[in-house]
């Protein structure tokens, strides 16, 4: 376990946005609104995917897992941030910090793997449409979902274990939650070997999935270009467009945070980038999938119509 040179009994101070006290109330109000939208939107997608028979397909099965991940992912950091913005106590225990780090990394890693699974689902739907129901069998879908969760938590266990073995000095984390790049800044001595192992783990969970997704969409693009029907091309583009937009938002911010050298990482910029992928992206995901998806919009309007009729 890591050793600490700290007067807080092994705890930490989360600096958050205390350097901009005039903005803390503005941050609090906006983040609370965004968090509420995230909770409502992702819960709605899960409910619609479960209750509407038209959405009982592999695509929406994986989408409901993504929505549940986003609910947990944003909840692992936002309540702590809201407390810090509203109150004066910005401390977090060592155990609480490690738990938050482990959960955050596990959920983020799981989402990275799940997005690859969703890309594979879209590849089969576009490139192998006649064999789609045979390939994307419910048993395979369950296995892929389980593999995403197991792979994500295993990656987090490895990285968190490596971090706990590092000697850390100080108790001031210039962030609003316990994130890996900020911990690396507190290393007391040369930890090049440990950091190299952690970087390999991050490449495996970020860069490799991103390349697999790009490869699958390259195949999808080739298949779409061969289709002569304009209507069929639009349908294929609409089917994959939402997922590709979500992938761009997720991997763009993850690459900036986790695939740059420790010495190049800016804590101030990192906090604002973290706001993007912990709050903005989970809020946008349900909006992207509902506004760009005919089936999801149809299910939503059906539920709203029933509510209006009973009201």
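Yeah, the Cβs are placed from backbone N, Cα and C, and that goes for glycine too.
Copied over from TrEMBL, here are the features:
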type	residues	note
DOMAIN	41-289	domain 'G-protein coupled receptors family 1 profile'
TRANSMEM	25-48	transmembrane segment
TRANSMEM	60-78	transmembrane segment
TRANSMEM	98-118	transmembrane segment
TRANSMEM	139-158	transmembrane segment
TRANSMEM	199-220	transmembrane segment
TRANSMEM	241-259	transmembrane segment
TRANSMEM	271-291	transmembrane segment
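Only sequence-distant pairs (6 or more apart) were considered; of these, at least three Cβ pairs between the transmembrane segment (199-220) and the transmembrane segment (98-118) are under 8 A, so the stretches are in contact.
Confidence in the domain 'G-protein coupled receptors family 1 profile' (41-289), given as mean pLDDT, stands at 87. Sequence-distant residue pairs (6 or more apart) of the transmembrane segment (271-291) and the transmembrane segment (25-48) include at least 3 whose Cβ atoms are under 8 Å, placing the two stretches in contact. Counting same-chain residues at least six beyond the ends of the transmembrane segment (139-158), those with a Cβ under 8 angstroms from any Cβ of the stretch are 58, 61-62, 65, 102-103, 105-114, 117, 120, 201, 204-205.
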